[in-house]
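Structure record follows, encoded as structure tokens.
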Amino acid sequence: MKIVVLNGSPKGDDSVTLHYIKYIEKKFPQHVFTYLNVAHSIKKLENDLAFFGNVMESVKSSDGVIWAFPLYVCLVHSNYKRFIELIWERGAQDVFRDKYTASVATSIHFFDHTALSYIHSICDDLGMRYIDFFSAHMNDLTKETERSSLIFFAENFFESINKKIKTLRTYMPIEYNIGEYIPTEIKATVENKGQKIVIVTDSVDQTKNIGRMVERFRKLTQAELINISAIDIKGGCTGCIKCGFDNQCMYGKSDDIQMIYEKIRGFDIIVFAGAIKDRYLSARWKMFIDRSFFRTHQPLYTGKQIGYLISGHLSQNHNLREILQTTTEMDGANLVGILTDEYENEINEMMEDFAQNLVQFSVRHYIRPHTFLGIGGMKIFRDDIWGPLRFVFQGDHRYYKKHRFYDFPQKKYGMRMVNAILMTLTKIPPVKKTIRQNIKSSMTIPHKNVLKNK
Ligand SMILES: Cc1cc2nc3c(=O)[nH]c(=O)nc-3n(C[C@H](O)[C@H](O)[C@H](O)COP(=O)(O)O)c2cc1C
């Protein structure tokens with residue numbers, strides 16, 4: 001069988017993910033593997049049509065395609081995203097149609113599910129036959145049990161292709177029906193009450209809905225505008241992790257990224273704007289976001305108010321909404337709202353309420369309690385930075401110590417003592433019986449005290 005591997009790591013042959021596929025290749029020598037380092041070779045794919053054509057030829061002549069990629073900020077790397085955009089821009093979707101496919105991702109399991117959903121939805125949009133995914137922790141290959149899972153996964157993939165199994169479509173096609181957004185005149189600007197507002201966008205194109213939304217919001221709020229398409233970005237994150245020790249990116253001051261991030265961090269209210277391209281924002285946006293990784297696992301926008309202006313069908317794309325909510329929570333900020341052009345005629349009025357909310361929340365320093373996304377995500381970072389990643393991410397370790405992010409339950413000695421006493425008491429049958437009878441009512445004792453005293 002001919003298997004094509006679309007490698008999504010910017011590290012090319014040095015990719016951790018690629019080693020999982022090489023292991024599969026070693027265990028199944030009867031199949032022929034072709035490795036295409038599409039993320040590493042993105043510039044060549046963009047500039048050399050013949051090279052892009054060769055990649056498409058390999059896919060076309062294959063029996064199965066493996067999307068092999070590392071996680072990059074809840075998704076795939078910006079170069080991989082760009083490769084996906086090129087498939088549509090160059091009308092090459094048919095090359096992928098009906099191909100059997102699967103994905104293999106490596107990560108630290110921080111929002112691996114959103115990246116996997118993204119790739120799965122892209123496969124569905126391309127009309128591929130998606131069999132399964134394998135999401136490995138980056139070091140799983142060193143573990144016997146995980147290796148045997150990987151072998152089973154691969155065996156099932158090959159057998160499914162042989163048997164030509166029926167696959168189900170998980171993600172329905174997006175129904176595109178958004179009309180043209182017509183901005184209305186602004187009667188009065190929104191008072192910013194001393195709050196500094198910035199809009200960060202990848203498009204100011206006035207022929208597009210997003211450009212017009214940005215422009216009207218800018219006029220409405222007198223916000224400063226940063227256009228990430230006009231700034232100097234030398235390239236995508238290379239995954240070198242040189243930033244881990246002291247948060248200095250290997251690009252240094254050779255481009256605008258660090259300076260622009262520092263500038264954005266000086267505002268109280270940050271509104272990000274962009275159009276949905278396939279199932280995420282543009283690859284340019286993704287590059288800008290990936291490059292924020294010089295701050296590694298430290299929150300970028302603590303205490304800030306965040307809003308989004310989005311052009312596109314966000315209501316049909318829950319995965320993207322989850323990613324936006326997650327990154328806001330992980331950044332220690334508050335997601336005030338997401339205004340999309342799906343609202344058509346109502347956008348103008350909504351924009352005023354949206355702007356007012358941003359200001360109001362900022363004045364009151366309101367941070368909505370975080371959800372599982374931020375709370376669960378932070379526990380992964382906390383444990384990994386304290387443990388296996390500490391040596392590489394020393395900057396994070398210093399930050400987590402200073403900002404008391406190491407809130408391990410075993411350090412809560414009062415709680416441990418109460419547990420020890422209560423657990424001993426429950427060994428006495430009559431006490432255990434009384435506690436069991438009162439457990440429900442006793443849960444609200446502290447809340448009743450608050451109602452009485454506060
Ligand atoms: C910039 C950057 C962003 C990352 N984002 C995530 C992430 O969102 N979730 C996660 O679990 N791992 C994340 N990782 C970890 C990588 O996915 C992981 O190390 C992966 O195994 C690297 O594979 P590769 O060597 O094939 O590129 C990130 C790493 C880098 C450098």
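The backbone N, Cα and C atoms fix where each Cβ goes, glycine too.
Caution: TrEMBL annotation is automatic and unverified by curators.
Positions annotated as domain 'NADPH-dependent FMN reductase-like' by TrEMBL: 1-108 (among others).
The domain 'NADPH-dependent FMN reductase-like' annotation in TrEMBL covers 196-324 (among others). Residues in the domain 'NADPH-dependent FMN reductase-like' (196-324) partition by DSSP class (helix H, G, I; strand E, B; coil) as 47 helix, 25 strand, 57 coil.
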For this session: Could you tell me the mean pLDDT over the domain 'NADPH-dependent FMN reductase-like' (1-108), as a whole number?
Result: 98
Exercise. Could you give the number of helix, strand and coil residues in the domain 'NADPH-dependent FMN reductase-like' (1-108) as assigned by DSSP?
Worked result: 49 helix, 28 strand, 31 coil
